[in-house]
């Protein structure tokens with residue numbers, strides 16, 4: 001029989017790995033085609049004025065969050081940061097889809113192949129993973145303190 005502690009550890013490691021892969025892949029994709037990414041952000045009706053800052057800030061933030069997952073005492077912070085970033089991405093997609101006449105494509109790599117609706121579902125799944133990560137890593141912390 002699998003103990004609660006083992007199950008929590010597995011779920012936390014699996015969700016952490018998903019976020020590390022997602023954020024490193026996404027940041028690499030943005031930096032590998034940086035000029036195109038920056039131009040597409042500049043075409044966005046929502047963030048045009050901040051396109052240069054966002055073009056540098058988002059991939060750097062993705063790298064930073066990915067690194068946080070490697071520091072055990074910062075794991076809960078990494079999941080919270082992932083949650084906030086994924087909510088921001090999802091909100092951006094929602095606003096573009098519902099309140100914009102022009103829909104730019106500023107995603108790179110494999111995600112570029114998704115429709116906007118599919119991308120929204122993808123993001124919502126990662127929002128759910130972040131919530132699960134927060135809950136399970138907090139629960140794991142409680143288990144550590146009760147078993148000491």
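A Cβ is built for glycine as well, from the same backbone N, Cα and C atoms used for every other residue.
A quick note: this is a predicted structure, and the numbers were derived from the prediction, not measured.
Same-chain residues lying 6+ beyond the ends of the transmembrane segment (7-27) with a Cβ under 8 Å from its Cβ atoms: 58-60, 62-63, 65-66, 69, 75, 78-79, 82, 108-111, 126, 129-130, 132-133, 136-137, 139-140, 143. Residues annotated as transmembrane segment in TrEMBL: 7-27 (among others).
Across the domain 'Methylamine utilisation protein MauE' (10-135), DSSP classifies residues as 106 helix, 0 strand, 20 coil. If you look up TrEMBL, you'll see 10-135 marked as domain 'Methylamine utilisation protein MauE'.
The transmembrane segment annotation in TrEMBL covers 47-70 (among others).
Residues 15-16, 19, 23, 44-47, 61-62, 64-65, 68-69, 71, 116-117, 119-120, 123-124, 126-127, 129-131, 133-134, 137 of the same chain sit 6 or more residues outside the transmembrane segment (77-100) yet have a Cβ under 8 Å from a Cβ within it. Summarising the annotation, TrEMBL assigns transmembrane segment to 77-100 (among others).
Positions annotated as transmembrane segment by TrEMBL: 120-138 (among others).
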Cβ-Cβ under 8 Å with the transmembrane segment (120-138): same-chain residues at least 6 beyond its ends: 8, 11-12, 15-16, 18-19, 22, 75-76, 78-80, 82-83, 86-87, 89-90, 93-94, 97, 111, 114
In terms of Cβ proximity under 8 Å, which residues at least six beyond the ends of the transmembrane segment (47-70) contact it? 16, 19-20, 23-24, 26-28, 30-31, 34, 37-38, 41, 77-78, 81-82, 85, 92
